[in-house]
Amino acid sequence: MFKDIRYHHFNIIKPDDTGAKWSQQWHTFPGLAYIPGLTELEVAIQPYGDDLHRFMQQKWHYSLYISMAYITIILALRHWMRSRDAFNLRVPMAYWSAGLALFSIIGVIRCLPEFIHILYYKGFNASFSDSSYYKDWRLNLWYLFFVLSKALELIDTVFIVLRKQKLLTLHWVHHCLTLSYSWYVFGDVPATARWMVNMNFLIHSLMYTYYACKAFRIAIPRVVNISITSLQIIQMLYGLYINIQVLVYKLTEQPCDAHISVALTGTSLYGLFFILFINFFVRTYLLKPHTKSMVFTPACAPAGMTNGFKVNGNGVINNGVELKNRKNSADSFLGLHNINNNIEIIKKIN
């Protein structure tokens, strides 16, 4: 909206406009009433709104550089950890997950009411074709927070590597692509962002709460992580469907506030994620027998990814460290670690 966005049919701002006319009507969308402290923060940042949008629209490719740096750092860390013991980061990870859970919950509180509002008053089609959300600064700010949080969430992988857990392809691919896509989409102000942001905030509020509880050693039924993974699959399916609908609108020249490039990349992204999450679900819950050992879920892996003390056919997996093809693997393990680590080793019973 800070460039020529003539493809926006419902909400057009001319290129010579000085910027978006942010709404000061705090009652515009239900649920976005005054919140002490939070509202003051939103108002304080508001004068920089135009510049922030211009920056994200012009510099979204910075996310590609961040992704490349992320992959490089992770590879370097994995190499560095080869000859080192896994770090015990349970407590820091617990607070990290709790912080991201709280952030996501606030995002739901701030953004979901408008989503429900437009679904109820304008209908389903308007939810992905009418980008009226930009009229309220608070929504724009939390959409921006959402986009920036994708870079912050890359730290999740650091926990996995430093704790020497198995790093799934799904994990780092999901992080990199989500970061780049969300940065690209934000500057374009498409109506589809409404679905992306709200679904992600909602799922992450559940997911990170689950991770925090597990890190704090709060017993969580296995059905919970299965349910979260199922919701993630549904999220990708809906995202795929919404972007396909936008493609249909654009190709048939129906009014829709989104660029066709956003719909094309969104369709590809959600389609890939849908396949990856289905594959993960099948391999984790349907093909592999469930162990009765205590398991622990790491930060920002799919909900079924575990870091437990469980038996492997070739050795022992302890705190995410797999010891394969070693003689007397349990004795070797004990020789490397002090008994005060309070780590339980479960041996396979032949």
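Using the three backbone atoms N, Cα and C, a Cβ is placed for every residue, glycine included.
Whatever TrEMBL says is automated annotation, not expert-curated.
Taken from TrEMBL, the feature transmembrane segment covers 62-81 (among others).
If you look up TrEMBL, you'll see 93-121 (among others) marked as transmembrane segment. Within its own chain, the transmembrane segment (93-121) is flanked in space by residues 29-32, 38, 127, 130, 132-133, 136, 138-139, 142-143, 145-146, 149, 153, 155-156, 159, 163, 194-195, 197-198, 201-202, 204-205, 208-209, 211-212, 215-216, 298-299, which lie at least six positions past its ends and keep a Cβ under 8 Å from the stretch.
Look at TrEMBL and you will find 141-162 (among others) tagged as transmembrane segment.
Annotation source TrEMBL lists transmembrane segment at 192-211 (among others). Long-range Cβ contacts of the transmembrane segment (192-211) within its own chain (Cβ-Cβ under 8 Å, at least 6 residues beyond either end) map to 93, 97-98, 100-101, 104-105, 107-108, 111-112, 114-115, 118, 127-128, 131, 133, 142-143, 146, 182, 185-186, 220, 224-225, 228, 231-232, 235, 238-239, 242-243, 246, 258, 262-263, 266, 297-300, 303.
Annotation comment: TrEMBL describes 223-242 (among others) as transmembrane segment.
According to TrEMBL, the transmembrane segment annotation covers 262-282 (among others).
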Best-contacting stretch, by C-beta pairs under 8 Å, relative to the transmembrane segment (223-242) and drawn from 62-81, 141-162, 262-282: 262-282
